[in-house]
Amino acid sequence: MRTLWIVAVLLLGVEGSLVQFETLIMKIAGRSGLLWYSAYGCYCGWGGHGLPQDATDRCCFVHDCCYGKATDCNPKTVSYTYSEENGEIICGGDDPCGTQICECDKAAAICFRDNIPSYDNKYWLFPPKNCREEPEPC
């Protein structure tokens, strides 16, 4: 119960696509991004460095790269529009930035879903000192 309260408090200050990203992860992967991916490997969570440790961590690496390629916007605060058709997420709206970020978030959520079988608890709260390798390019 205490953990849920802490998560709720943390969400109070979060706006834009971070909340929407959490929603997409829940819809597509069926699990909470905060509870499963906010502190995993070298790339899931704030920042990112070194080499991705497994397929799940690679999802976050690719997501970071996708955000880095978004033009003229702040990926962590922009809101976006999407709809659901036959169980599929369709990114849309008039804001090109929002559409780019939606596509990044959607791809990451699909990647998380597809890699649930290889999720490894040893990478949860992975020490940053283990992420010192030279990173690969996006």
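Glycine residues also receive a Cβ, built from the backbone N, Cα and C atoms like all the rest.
Listed in sequence order, Tyr43, Cys104, Asp105, Ala107, Ala108, Cys111 are the same-chain residues at least 6 apart in sequence whose CB falls under 8 Å from the CB of His63 (active site). Secondary structure at His63 (active site), taken from DSSP and collapsed to helix, strand or coil, is helix. Under the heading active site, Swiss-Prot lists His63 (among others).
Per Swiss-Prot, active site is recorded for Asp105 (among others), and the stated evidence type is a curator's inference.
Cβ neighbour count for Gly47 (Ca(2+) binding site) (all protein chains, 10 Å cutoff from its Cβ): 9. Per Swiss-Prot, the feature Ca(2+) binding site maps to Tyr43, Gly45, Gly47, Asp64; the stated evidence is similarity to another entry.
In the three-state DSSP classification, Cys42 (disulfide bond) falls within coil. Summarising the annotation, Swiss-Prot assigns disulfide bond to Cys42-Cys131 (among others).
The number of other Cβ atoms within 10 Å of the Cβ belonging to Cys44 (disulfide bond), over all protein chains shown, comes to 27. Residues annotated as disulfide bond in Swiss-Prot, with experimental evidence given as evidence: Cys44-Cys60 (among others).
According to Swiss-Prot, the feature disulfide bond maps to Cys59-Cys111 (among others), an assignment based on experimental evidence. Around the Cβ of Cys59 (disulfide bond), 26 further Cβ atoms fall within 10 Å across all displayed protein chains.
As annotated by Swiss-Prot, disulfide bond applies to Cys65-Cys138 (among others). The secondary structure of Cys138 (disulfide bond), as reduced to three states from DSSP, is coil rather than helix or strand.
The Cβ neighbour count for Cys66 (disulfide bond), using a 10 Å radius and every protein chain shown, is 18. The disulfide bond annotation in Swiss-Prot covers Cys66-Cys104 (among others).
Per Swiss-Prot, disulfide bond is recorded for Cys73-Cys97 (among others). When secondary structure is read from DSSP and collapsed to three states, Cys97 (disulfide bond) falls in the helix class.
Here Swiss-Prot flags Cys91-Cys102 (among others) as disulfide bond, drawing on experimental evidence. Under a cutoff of 8 A between CB atoms, and with a sequence separation of 6+ in the same chain, the neighbours of Cys102 (disulfide bond) are Ser17, Gln20, Tyr80, Thr81, Tyr82, Ile89, Cys91, Gly92, Gly93.
Residues or ranges marked as signal peptide by Swiss-Prot: 1-16.
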From Gly45, Gly47, Asp64: binding-site residues whose CA lies within 10 A of Cys138 (disulfide bond): Asp64
Neighbouring recorded positions, C-alpha within 10 angstroms of Cys59 (disulfide bond) - of Cys42, Cys44, Gly45, Gly47, Cys73, Cys131: Cys44
